[in-house]
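Trainee: Got a structure for you, questions after.
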Amino acid sequence: MAYHYSHDSDRRQPHGGYNYPSNYSNPSQYSIPDSVYSGHSTNTPRVPSPGGYHQQPSPTTRAVNPAYYQPQPTASSMTSHDLMYGRPSPGPNQYGAAPADVVRGPGATTVPLSQQAPYQPYPSHTDYSDEDKSFASTTHLVSPQKEWGVGSVVPVTTIPPVNQLPYQPYQAYPPRPSPSPITHRGGTSHWHAMRKQLLERRVIKQIPLHNGNLVMDVPVPKGVIPSTKGLGVMDGEMDSMRYSAATCDPDDFMGSKFSLRQYLYGRKTELFIVMTMYNENSELLLRTLNAVIKNIAHLTTRTRSKTWGPDSWKKVVVCIVADGRKVVDPRVLKVLQLMGVYAEGVMKDHVVDKETQAHIFEYTSQVVVSETGEVGFGSTPIQLLFCLKEQNKKKLNSHRWFFNAFGPLIKPNVCVLLDVGTKPSGHSIYELYKCFEKHPTVGGACGEIFADTGKWGKYLWNPLVAGQNFEYKMSNILDKPFESVFGLISVLPGAFSAYRYDAVANHADGTGPLAAYFRGELMNQPGATATIFDRNKFLAEDRILAFEIVVKKNARWRLQYVKAAKAGTDVPATVPEFISQRRRWLNGSIFAATYAMVCFWRIWTSGHGIFRKFTLTFLTIYNLFNLLFNWLSVSSFYLAFFFLISSSISGSSDPFNGAGDEIFQVFNKVYIALIFVVLVCSLGNRPQGSNYMYTFCIFMFAVCQGILLYCAGWTVYQTVPHTSEGWEDVSGLFENRTFVQLALSLMATYGLYLISSLLYFEPWHMLTSFVQYLLLLPSYVNILLIYAMCNLHDVSWGTKGDNGSSKDLGAAKKVEKDGKEMAEVALPTKQEDVEALWQQARQELRVPVKEKAEKRSPETKRADEDRNFRTNVVLLFLGSNMLIILLFTSSTFTNWVNSHFVDATSSTFNPYLTVIFYAVLGLSALRFAGCLLYLIFRMFGY
C-alpha cells in the first residue's frame, strides 16, 4: 500500500497511491513494491520520503496507528551517523576541534583549550567501514529525517549555539577570527581550499534513478537544524535537503515526472513568491529575503483569519531563481548554504547523457542571515525552493521555470513577483493577497514602489536620486490610481507585483497570457524571425502580461493598485546607470503601448461588461494622446523654451535688465548645440564611456530650465496688478490671455502635484525633491528619449546569453543493479569537510567585499538590420520634431501670428503654446479626477 499526504493535517493517509497529475501515464510506478521490504513484516506501514526513495522502516513492537506511522528512534546511544556508517574506532580527533581551529587563517592564533567554550565531542572520520561500498536500494532512508543514503554524512553539532531570533537577525554573536583577504573569485583562499578538499574526497555511490531522474535527499549540517522547530514541521523535513537535477525544458518539468516537496506533502499553497536574480550581490538578496521572511512571520500572527494562522508558513513557498550558475555571486551561494538550501559537491551537469538545465534545491529553513553575516534562527520556518539555472537565459526564462515548471505542481492561488534588491515592507505581501481575497475579479495587482532614500534621506543629496524619488511618488499618486479606476494598469512592475494564478494561466488550447508573455523569450533565440519591433516590445514584458490579462478571451479580469502595499528599491545613482535603465524602459514602453493600441479591439472579445469595455476604450484613446505627446516632446519642450523667453524679453520690461536679447541668443544656440551633442553621443557612445559628456549636458540643460522658469515667473508677474487698486478689478485679470494660459498651465502641473500630494497625505517629496525634478526635466526629454531612440537596435538587458553546456561538475552515469536503474555519482562523505566549509562560509559573510563596476556586453546578432531600422526611426523622430520647430519659428508664421493674434493684452504669446497648455490642462485634469475617484472608492472598500 502507498500513501499520500492529507491537505488538512499534513499526516499521511492510506489512499492506494499518490495523487499524481493526470498526464502521468503510470501512477503505479510511484508505489513502493513490497519486495523492497523483504525480511520485514509485511504489516509494517511504509512511509514514502519526499525524495521518492524506497525506505526500510525500523522494526518496532509498539502498537501504531495504521494510517500514520513515524519510525521511533532506537534505544541505542549511537548517532544517526553511526547507524548509517557504523561506529568508527577512536582517533586523534575523537573530541573534535573548535571551529577556529578548522578555519584558522594566516596570522590567527589558537585559543587555549582552557578558554574555549565546551563543544560536543564527535567521532573521528579517518576511517569508514563502508566507504567503498555501493548503496543498494534496500539500504536507503529509514524515514525522511534519516535519508542519509545519498552518501553524505550526518553532521553533528560542532558549533556554539546560535541566537533565537523573532525573524530578524541581531549582531549578538561573539566575534570570530578575521579570514584572509577576499579573492577575485568571491571567497578566501581558505574557503577554496576547503571546497577543493571536499570535492577531491568524494566517493562514488550508486543512487536509484527516480523515473530516470536524479533526485536525492542530502543531509544538512547540524548548524542548520534548529533545536526548537516551528509549528507544523514534519518529521525529517528540516534534516535533509532535496536535490533534483532537472534535465528538461521548464514546460516539460511535470511531464518528465519531476516533483516538488509541496506536491508530495499534499500542502495547499496560497502564496508562491519568486525572487529573480542575475549577478546581484548577497546584500541585495538578504535585503529582499529577510523582508519576505518578515512578511511570512506576520501571516502567522493573524490568528483570527480563515486562511492564515500559526502554521501559515506551510501555505507560502519562496522560490529563488538564479540566472546562470557561472555568473551568480559566490557570496549568494554561501548565504543559501548557511540556510541549508544549497550544498557544494552534489550538483551534476549531465545525468545519463542528458544536459542538466537547472539544479533545484528544496529545504524548509529557520535560519536567518543578516546583511552583516550574522546567523541566527527565526521563529517561522520558510519553505525555500532554489533553482540555479545552468545557463544564463535571462529573466523571462526564469519566470518560465516559476510559472510553467513549478506552478502546475504547486498550484498556488496568488503568485508574487519580486526582483532581488526590492524590499517589501512588513505587511505588504499580505495587503496584496487581501486584494485578491476581497475582489474575486482582480487578476493582477501592484503596490507602491518607492525610491530608497537612505537613513534620514541622505541619498537625496544626489540630485539624480531626488529627481527619481519625485517621479516615483507622483506616479504612485496620479498615474496608477487613475489607471486603477479603469481596471487596466499599463504596467505591473516585475520588481513588486502579484498575479492570480488562474488569471495568467493559458486556455486549454495553449493560448493565453503566459503564452503571449513567454513569446518574448523565443524572439532572441538563434534563427528567430522576430522583428525589431517585437523584440523592443518585450523589453517591457510586464506591460504585455498586464494587457493580456485584461483582454483575456471570455474573461473579466481587472488590475488594481494597492496603496497599502509598499516596497523600497534602489534607484540609479550614476548617470550611465540611469541612462541605460531608462533606455530599456522607454523603448519597451513605447513599443508595448503601440502594441496595445493596435490590439485594443481585443477588449471587445473579453468577458467584461459593456460599461467597462467603453471605459477601457476611452483609456486607450487617452493613452494614444499621451503617446503622441511623448513622441513630440522634444519639439514641444524647445518651443516652450523659445517662446516663453522671447515673449518675456520683447516687452517694455526686460527681466535681464537690457541683456535679455543677448542672453536669449546665447542660450538658444547652446540648447540646440546640446541636442546635437546628445545625438552624436547616443549614436556612437555608451553612457559608461561618455559619463562626463552626459553629465555636462545634464548640467547645461538644468541651467536652461532655470532660465525658462525665471522667464515664466517674470511673465506672470508682469501681467498681474502691482497696486492695491489694480486688484479691485480681478475680472480684468482673467481677460489677459497670457496670464490665464500661463497660470492654468502652471496650476495643471505644479499646482496639481501639490494638491494631490496633500490629498494623499504625502507632501514631503514636494519639499525635498521638487526642485531637483524640475531641473532634471529637460534631461528626461532631450537626453533619455533621444538616447533611447538612437539605440533601438540594442534589445539587450545588459546581459549576455549563455547557450553552451558545461562539464565541470561531473556526470551521473547510468548503471543497472539487480534489474534496477542506478546512477553512479561522486558525493561528499567526510563530515569534517561539510562542517568546515559551512563554518568558513559563515565566517566570510562577515567580511564585506568591495563592489566592482559592472561591464555590459552589447548584443551583436542581427546588427546590420537592427541599426538600419534604428536609423530610419531616428530620422523620422528627429525630422518630425524639427519640422514642428521650423514651422512655428519661421518668420512667415511669426508675421501671421502678429497680424491675427497679438493685441494689447496678450503680448506676443504664441497660439501653438495655447494648444499645448490647454492639452496639458485637460490631461492633468483627467489624472486628478482619477486619483480623486481612487480615494473615494478606497474609502468605501472598492
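Backbone N, Cα and C atoms are what each Cβ position is placed from, and that goes for glycine too.
If you look up Swiss-Prot, you'll see 1-13 marked as compositional bias 'Basic and acidic residues'. Swiss-Prot lists 18-33 with the feature compositional bias 'Low complexity'. Annotation source Swiss-Prot lists compositional bias 'Polar residues' at 71-80. If you look up Swiss-Prot, you'll see Asn23, Asn587, Asn736, Asn803 marked as N-linked glycosylation site, on the strength of sequence analysis. Among the features that Swiss-Prot reports, region 'Disordered' is placed at 1-132. Residues annotated as transmembrane segment in Swiss-Prot, with sequence analysis given as evidence: 590-610, 625-645, 663-683, 696-716, 739-759, 770-790, 873-893, 916-936.
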Trainee: Just how many other Cβ atoms lie inside 10 Å of the Cβ on Asn736 (N-linked glycosylation site)?
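Mentor: There are 19 such Cβ atoms around Asn736 (N-linked glycosylation site).
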Trainee: Do the transmembrane segment (696-716) and the transmembrane segment (770-790) come close, with at least three CB pairs under 8 A (pairs 6 or more apart in sequence)?
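Mentor: In contact, yes.
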Trainee: With Cβ-Cβ distances below 8 Å as the criterion, list the same-chain residues six or more beyond the ends of the transmembrane segment (916-936) that contact it, or say none.
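Mentor: Those are 477-479, 481-486, 561, 622, 625-626, 629, 636, 639-640, 741-742, 744-745, 748-749, 752, 755-756, 759-760, in sequence order.
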Trainee: Take a look at 590-610, 625-645, 739-759, 770-790 and tell me which one has the most Cβ pairs under 8 Å to the transmembrane segment (663-683).
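Mentor: Comparing 590-610, 625-645, 739-759, 770-790: 770-790 has the most Cβ pairs near the transmembrane segment (663-683).
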Trainee: Cβ under 8 Å to the transmembrane segment (739-759), counting only same-chain residues 6 or more beyond its ends: which ones?
Mentor: 473-474, 477-478, 712, 715-716, 719-720, 733, 765-766, 770, 909, 913-914, 917-918, 920-921, 924-925, 927-928, 931-932, 935
Trainee: Below 8 Å Cβ to Cβ and six or more residues apart, same chain only. Which residues does that give for Asn587 (N-linked glycosylation site)?
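Mentor: Counting only residues 6 or more apart in sequence, the Cβ neighbours of Asn587 (N-linked glycosylation site) under 8 Å are Asn536, Leu539, Ala540, Ala788, Asn791, Leu792, Val795.
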Trainee: Where does Asn587 (N-linked glycosylation site) sit in the DSSP three-state scheme?
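Mentor: Once the DSSP labels are grouped into three classes, Asn587 (N-linked glycosylation site) ends up as helix.
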Trainee: Give the helix, strand or coil assignment DSSP yields for Asn736 (N-linked glycosylation site).
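Mentor: Assignment for Asn736 (N-linked glycosylation site) reads coil.
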